[in-house]
Amino acid sequence: MKAILRASRIGRVILRYRLDALLEGTPAERWLRLAKPFVPRASAEIAAQSRGARLRLALQELGPIFVKFGQILSTRRDLIPADVAEELTLLQDRVKPFDGQAARLIVEAALGLPVSVAFASFDTVPLASASIAQVHAATLPPDANGVRREVVVKVLRPEIERQIDADIALLHSLATLVERTHPRADKIRPREVVAEIEGTLAAELDLQREGANASVLRRFWEGSDDLYVPEVIWSHTAERALTLERVYGIPSDDIAKLDAAGIDRKALAAKGVRVFYTQVFRDNFFHADAHAGNIWVDSDPERRLNPRFIALDFGIMGQLSQEDQYYLAENFMAIFHKDYRRMAELHVEAGWMPSNVRIDELEAAARSVCEPYFNRPLSEISLAQVLIKLFRVAQRYELTLQPQLILLQKTLLNIEGVGRQLDPRLDIWAVARPVLERILRERYSPRRVLRELSKRLPEIMTHAPDMPRLVYSWLTQQVEGRHQIAIRSPELLALDLSLRKLQTRVVTAITGSGLLVVAAVLYGLHPDGWYLGTVPVWSWISGGAGSAALLVAWLRR
């Protein structure tokens, strides 16, 4: 019943913000059309706004979980129009804080200790509050030297898992409905989007996992002058409570404060770009939620001329496969050299495009995207925008991208935005190119090859004795003509599934029609038995069942 009420509320919000066009061609649109006369419409001021703005306002009204849904959806620029994605990036994950005493109880349950024992002090007034968790200031008990260390404690909201499970279940139902009925479902891939959102939210609900992310990132950047990562206090961390060293800094978008502190913004902007490319191509572990609120600048006066970033919030991290890492770096270098042929070849070699695509057509498409950028000033060129437009154009040729690559696009866009805000004349290409060239040199260096070989040596030694037997067996099969090839085609499986669904619909429709005929025959025969009005009860039952079957067949179109 709760799910029905929740779905009803979502429908009312969709109608009020005039978003029913988003569901065009689906059964949901037909039901909404019936409800439209009974739902008050939005004001003329809201109606005049763009579809992206209306969607953003609707998500904000539906609550924090849908705000998070919108934020994640904004990263899927391969699935939604650019104007909608841009508007969804404005969603703010700020909600009313929950009671500080409730936070104390959650921390005590998570750590298995009273707060008064675990901490010397715990401020019940939160420093910040979001849809998943909120953050409290605290101090640890005195150490051996009598020092009370300042920390922050991130605490999950009470019953947040139950709320998310209910909303995700509803989103899964809506996604299944859209996939079955929407004419562009193969392009939107709604179930894939909801599954990605579910995975992202599940990761953010495990604060111990977030602590592990922070710990790994800190290890990569230990002692760096470019990036600082707060230390995780593992003795005070659990699944529902995360304790980190407290850090002080200036948000990277607060230009007035940065200037007042005498920070060298030009040096800082270049460092931001280098840090990102190093995370992606050296460490293969990048901060994937790098907006200005999560990227601070160290406020230490001694670091004015050699500024350092501080990373916060480690719930969403990204990693690429070795192949994607290499092909992405090669793609960037091909862009630098205006080698459109190589860009087209790399898209196919990486497996992002089907092997039967015409390289010359893809080359022409890449040229049409990149050439307009090369005629702009260097300070206006965006690698993120080039990459996004390349992938969008490539969708015409059945582009297949892993979610991590899409996450990287969004992160690169954020990093470039932060860099350009700090230094509007930042030449991102000049900063990124040396990093990429070094990465590619190292990839082919003899030292790296030997290192990779030494890692695989135990595996090679394990399988080496079996190789002669396997080769002999394969050659014997070739000579005797016994070699068989097993073909597994996702397209054939999808076709089989579509045919099964069609068969089910046809059978349901035939059954429904038959029951209606039975109802009419019974009515004409006037059989003995019970009547409801002038119609036999069995006619009512048969007619009702037939109508229900036809309705089900219609909804499954």
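Including glycine, each Cβ sits where the backbone N, Cα and C put it.
Here the structure is a predicted model, which means the values were calculated and not measured.
Here Swiss-Prot has LEU127, ALA128, SER129, ALA130, SER131, ILE132, ALA133, GLN134, VAL135 binding ATP, and the candidate from LYS154, LYS257 in that same listed site is LYS154. If you measure from the Cα atom of ASP289 (active site, proton acceptor) to that of SER131 (ATP binding site), you get 15 Å. Secondary structure from DSSP puts LEU127 (ATP binding site) in coil. Distant neighbours of the transmembrane segment (506-526): 535-536, 538-540, 542-543, 545-550, 552-553, 556; these residues of the same chain sit at least 6 beyond its ends, with a Cβ under 8 Å from one of its Cβ atoms. Cβ proximity to the ATP site centre (mean Cβ of LEU127, ALA128, SER129, ALA130, SER131, ILE132, ALA133, GLN134, VAL135, LYS154, cutoff 8 Å) flags the following additional same-chain residues: PRO97, PRO126, VAL155. Here the binding-site residues are LEU127, ALA133, VAL135, and the one whose Cβ sees the fewest other Cβ atoms within 10 Å is LEU127. Beyond the transmembrane segment (535-555), the same-chain residues lying 6 or more positions past its ends with a Cβ under 8 Å from any Cβ of the stretch are 27, 181, 505-506, 508-509, 511-516, 518-520, 522-523, 526-527, 529.
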